[in-house]
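Here's the structure we're looking at; comments come further down.
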């Protein structure tokens, strides 16, 4: 039988999406663009903003433009609270600027007002049409009946036109409003990445009595990597793990899963190809320029960049019983990202920044395992009630810190600034570990509270078991009305970055590498990776 091969082509994430969820930010000292100004807006927004939903950044659209000049239409619609946006436009506007979003709030508000006006006119015409229809039921003179027939015909034609206008306005409003990022926690620092604040510093840098090697040199001498063969087989930024490195990856995965399962997480493996609509609903945009997402040509599917995407889709379009919450998942998957060449963006930046990027590209910080197209990862994901998401966010970062402390790593946790949050996150904590071979801190993890941003797009609600005294409305059968759940995600273990940390921090003068104590039972008792005898 013949084999059919589907081609894979590159697609795109929105500019507002935080690339750090894919670990694309190379090190703590990131580039800054001097022409991007920072605005010092009043940042203490009221806490109720936490629970309000705004949807996605720049969502994928179907190209429905034809010879008639029809505008693009959204493939799906998010449950956006347009009235809340209008009523809180000052806070939403400041948030858009603080997060360097390209959302057009004024256009959203204009479209919303137009839509409301057209809706009122549609309702008025429908009412008049009903009046005419009721009159037609009675005894009428022929001339009077003919007059009503003509009036009904005119009303019907007017309604058809207005309903088409209403549909088009609704689609335009969705597309524009979906560019608005989530609101921001009042304690998040305003500015770019360099404005992020250190929450905690754990441990200290190891002092070496011998020249420090980076993980590439160690891997070559220990015969545990092969980048050259992978480059021939797959291209740059791919790798083979060999010998003890394979055991180390398996140990990290199994140890991490065993630890988080003790904390009440359900272990999962996930599909690694998903529908593009699910990717979009989680806050990613797979089919534009300079993407981090691989899409499959000729299909509506993409390779996942994180297990957050398929796990987020498990309960899509469902209403959960409150008794099931919280739902905690720990998902192992392979992750794929394009790592689009930084030189592709030099056309839009100033000369000094071009030089800085070229310097970064030529540096050793993006060599080896730090920035790759395919890697393994264990991702934590929580679905919970809105009032619990902040406490679970703290729980997630505590789990990450406990894991990395158990491995004896020196690291710092950061409260990331508004410019580095990405569209879905209400607040994000990053963990950066010391990598002696690189001589700098590198990101190894992050934990994000996305509030109801993703659930309003994915259609995930829950029904409270008891009627809230603050919300007397009732649903069908006197049940409490449904509410959108909150979602959170956090990296438990990104394997390549963790291997870098272990090799570089546990290297010995003779070229061997000590295996951290917690991993030894998962490596058959192996305590040391030693250089191979020649």
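Glycine residues also receive a Cβ, built from the backbone N, Cα and C atoms like all the rest.
These come from TrEMBL:
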type    : residues                                              : note
BINDING : 306, 337, 379, 489                                    : L-serine binding site
BINDING : 337, 338, 339, 372, 373, 374, 375, 443, 444, 445, 446 : ATP binding site
COILED  : 108-172                                               : coiled coil
DOMAIN  : 214-516                                               : domain 'Aminoacyl-transfer RNA synthetases class-II family profile'
SITE    : 491                                                   : site 'Important for serine binding'
Confidence summary for the coiled coil (108-172), mean pLDDT rounded: 83
Among 337, 379, 491, which are recorded as recorded positions, the nearest neighbour of residue 373 (ATP binding site) by Cα: 337
Spatial neighbours, same chain, of residue 444 (ATP binding site) - Cβ under 8 Å, 6+ residues apart: 404, 411, 431, 432, 433, 491, 494, 497, 498, 501
C-alpha spacing of residue 306 (L-serine binding site) relative to residue 339 (ATP binding site), in angstrom: 14
Listed binding-site residues 306, 337, 489, filtered to Cα within 10 Å of residue 446 (ATP binding site): 489
Pairwise C-alpha maximum, in angstrom, for the residues (306, 337, 379, 489) that bind L-serine according to the record: 18
Chain-internal residues near residue 379 (L-serine binding site), provided their CB is under 8 angstroms and they sit 6+ positions away: 306, 307, 308, 311, 330, 331, 333, 489, 490, 491, 492
Candidate with sparsest Cβ neighbourhood (10 Å radius) among 337, 373, the listed binding-site residues: 373
Set of same-chain residues at least 6 away whose C-beta sits under 8 angstroms from residue 375 (ATP binding site): 334, 335, 369, 494, 495, 496
Whole-number Å value of the largest CA-CA distance among 337, 338, 339, 372, 373, 374, 375, 443, 444, 445, 446, listed as ATP-binding: 20
Cβ atoms near residue 489 (L-serine binding site) (within 10 Å, other residues, all chains): 28
Cβ-Cβ neighbours of residue 306 (L-serine binding site) (radius 10 Å): 26
